[in-house]
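Asker: Could you have a look at this structure, given as structure tokens, before my questions?
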Ligand SMILES: Nc1ncnc2c1ncn2[C@@H]1O[C@H](COP(=O)(O)OP(=O)(O)O)[C@@H](O)[C@H]1O
Ligand SMILES: CC(=O)OP(=O)(O)O
Ligand SMILES: [Mg+2]
């Protein structure tokens, strides 16, 4: 890891800050980090972009005042980023600062080509655009973020860090679908996997929590946010993950179905008369937890479960059942499992999800300690008892820090 030189002549005053943009389909998370000590200077979230009820929440540097909020329509990701830039400027941390070394962007789909952090040129941007059909909810937002950031600071290196990159090590037998090889290859149809920045960061942190090197451990990472995915990481390398050509395959998610029989789509077209676009919206935005019970926030679902609500209970049970199938499958893929690790919004915060997902898996060496599971904390921690054969852990993810590290490593030379 490079530590910027703050003394001497050549590097004196060399820029050491990185702005990270994590643009989702209807949100932007941003963070400004000082890479000399990896501290977070300011951060924020713009959510419900495109709706009347958009909201920006900005956290200024420690000691520089209270969290600020703006409510009211923010039309698109361009406007969102400009609003974020205004908030940063109000803290004296504007994008025009000479201290800024680079802007790092989360880009969800990197296809076959991008398996490393990449400085964004016109040609790279074109390739990210070409991948829109396989990440229709995500790549367009990432592209808008890149365009606006380039317009605001055309002189600055902009770096793309890809969700797919960490999964590029999957063996061919895990990455390939069992469909006609020529057709698959002609259209680059294969399993790419997503949330890779998180799976990489969390699997490394989990090894550290066990007092081991990443190369020494096999872990199953469960990234359970609004989008959700599992990965099997053997000795620091991803060998399996639950998302595929697009972020639709795998686990039950907030609004996405995860695995279904692909024939459901022909059936919807032939029998229900739906178009490909309508089926896309159904499976990506109106399915998963929201399709099953009308809510996609796990807090609300748990509240309803506790009140005895049948639809919420069934939705919860389907979510947990799918998780268990993946834990079992990935245990078999790995052969030996050292840790099962929960992360992201649901994984980090929902004790009931962790408890239910581990229930009945004692034969796999998986046990959760109820007291440890009830602890609320922002640091990596074990929730399994000492005697358990396999560690169960909660490791908060930090995609922004990981993107900042990869971005800075690329530009700081
Ligand atoms: N205290 C909590 N208990 C249970 N679930 C929570 C809690 N806080 C957040 N969540 C869940 O986390 C989800 C958001 O996770 P996050 O990782 O931020 O998702 P994304 O990055 O996809 O927006 C929410 O939709 C909600 O279901
Ligand atoms: C790839 C993906 O599903 O991302 P998110 O969870 O941010 O929607
Ligand atoms: Mg996320």
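Glycine is no exception: its Cβ is also placed from the backbone N, Cα and C atoms.
Relevant sequence annotations retrieved from TrEMBL are reproduced here:
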BINDING   22, 399  Mg(2+) binding site
BINDING   29, 223, 224, 225, 226, 227, 297, 298, 299, 345, 346, 347, 348, 349  ATP binding site
BINDING   106  substrate binding site
ACT_SITE  163  active site, proton donor/acceptor
SITE      195  site 'Transition state stabilizer'
SITE      256  site 'Transition state stabilizer'
Asker: Counting Cβ atoms within 10 Å of each candidate's own Cβ, which of the recorded positions 256, 299 comes out highest?
Answerer: 256
Asker: Which one of these binding-site residues, 29, 106, has the sparsest Cβ neighbourhood, judged by other Cβ atoms within 10 angstroms?
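Answerer: With the binding-site residues 29, 106, fewest surrounding Cβ atoms within 10 Å: 29.
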Asker: Go through 297, 399, the listed binding-site residues, and name the one with the sparsest Cβ surroundings, counting other Cβ atoms within 10 Å.
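Answerer: With the binding-site residues 297, 399, fewest surrounding Cβ atoms within 10 Å: 297.
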Asker: So which of the binding-site residues is most packed in, judged by how many other Cβ atoms lie within 10 Å of its Cβ, out of 224, 346?
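Answerer: The most densely surrounded of these binding-site residues is 224.
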Asker: Given the residue listed as 'substrate binding site' and residue 399 (Mg(2+) binding site), what distance in Å do their CA atoms have, once rounded to a whole number?
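Answerer: So the Cα of residue 399 (Mg(2+) binding site) lies 8 Å away from that of the residue listed as 'substrate binding site'.
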Asker: Measuring Cα to Cα across 29, 223, 224, 225, 226, 227, 297, 298, 299, 345, 346, 347, 348, 349, which the record gives as the ATP binders, how far apart are the two most distant ones in Å?
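Answerer: The span, Cα to Cα at its widest, is 21 Å.
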Asker: Can you tell me which recorded positions out of 163, 224, 226, 297, 346, 348 are within 10 A of residue 22 (Mg(2+) binding site) by Cα, answering none if there aren't any?
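Answerer: Passing the 10 Å Cα cut: none.
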Asker: Check the Cα distances from residue 195 (site 'Transition state stabilizer') to each of the recorded positions 29, 163, 226, 297, 348, 399 and keep only the ones within 10 Å.
Answerer: 163, 399
Asker: Give me the non-local Cβ neighbours of residue 226 (ATP binding site): same chain, 6+ apart in sequence, Cβ-Cβ under 8 Å, ordered along the sequence.
Answerer: 253, 254, 255, 296, 345
Asker: Using a 10 Å radius around each Cβ and all protein chains in view, which of these recorded positions has the most neighbours: 163, 348?
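Answerer: Buried the deepest by this measure is 163.
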Asker: Compare the C-alpha of residue 29 (ATP binding site) with the C-alpha of each of the recorded positions 163, 256, 399, and give the closest one.
Answerer: 399
Asker: Can you tell me which of the recorded positions 224, 256, 399 is spatially closest to residue 163 (active site, proton donor/acceptor)? Compare CA atoms only.
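Answerer: When the Cα distances are compared, 399 comes out closest.
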Asker: Taking only the recorded positions 163, 256, 297, which have a CB closer than 6 angstroms to any atom that belongs to ligand 1?
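Answerer: So the answer is 297.
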Asker: Going by DSSP, give the three-state secondary structure for residue 163 (active site, proton donor/acceptor).
Answerer: coil
